[in-house]
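S.K.: Before anything else, here's the structure in question.
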Amino acid sequence: MKDLMTYETKQIEICDVDYMGQYQLCHLLNRFAEIATINAKEIGLWNEAMMNQYGWVVAKQAIHLDEPIYHKDIIELSTIVANGSFVAFPRYYFIKKNEKMIGHCSSIWTLIDIEKRRIVSPKRIGIEVPKVEHNYKLEPPHDIQIDQPFSFVTTRKVLYSDVDINQHMNNTRYIQWAMDVIDLKIHQDYFVSDLNIQYKKEIRPLEDVSLYLASENERYVVEGRIDDNVYFVVEIQFTKRK
């Protein structure tokens, strides 16, 4: 098999950053999704015939950054898959800036039947998952717990711009919603060094999601709930800007 890694070089544009000129992580996840799709095509995990029938969805992912990324920075993103189980498949991402590794992301993906809204095994639909051999290894995203009470913040409805081609809430929206409930002063003084997202249940169009927040020092945990059931959890660790 040819090189299992897919690369992309990107200069951060003004539309990618917040009011401080910092690269927004929701846009980073969008780039991850794009290069993951290219990589999946290259190694036979996805093809155009699957469109509107089956889709790869991320179940959990954890990002680490040693330093923030800013407007006009040039970054190199790369992705590679690792060997998975029957329905859960690891994918890793790496982030370089100025030829230096500054971050990485460990994620777990599953394949779903878009119409039936069920997880399916790739083999059931004729996809032969390649056996991969490489020396890359990242720990899977850890479970999220916090010994602090949660407080209700606000309710958001899943509307048109929140929904992706798999007909559910786009995974980048979870980050935007979580970031929005954290005090603006925190964003000004700190950058996100670690972000852990657990997508527990699928959120469909027009559903109302209640957002709850708990915090401990520079660590924040946001839960999205529907009818008191937790549908997603986002853990955000902030680090003081230098």
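From the backbone N, Cα and C atoms, a Cβ is placed for every residue, glycine too.
The structure displayed is predicted, hence computed values, not measured ones.
When I checked TrEMBL for this same protein, it listed these features:
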type   : residues : note
DOMAIN : 10-120   : domain 'Acyl-ACP thioesterase N-terminal hotdog'
DOMAIN : 154-219  : domain 'Acyl-ACP thioesterase-like C-terminal'
S.K.: Mind checking how the domain 'Acyl-ACP thioesterase-like C-terminal' (154-219) divides into helix, strand and coil residues in DSSP?
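M.R.: Residue counts for the domain 'Acyl-ACP thioesterase-like C-terminal' (154-219) by secondary structure: 19 helix, 26 strand, 21 coil.
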S.K.: What does the DSSP secondary structure composition of the domain 'Acyl-ACP thioesterase N-terminal hotdog' (10-120) look like, as residue counts for helix, strand and coil?
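M.R.: Tallied per class, the domain 'Acyl-ACP thioesterase N-terminal hotdog' (10-120) gives 24 helix, 52 strand, 35 coil.
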S.K.: For the domain 'Acyl-ACP thioesterase N-terminal hotdog' (10-120), would you mind checking the mean pLDDT of the predicted model?
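M.R.: It averages 94.
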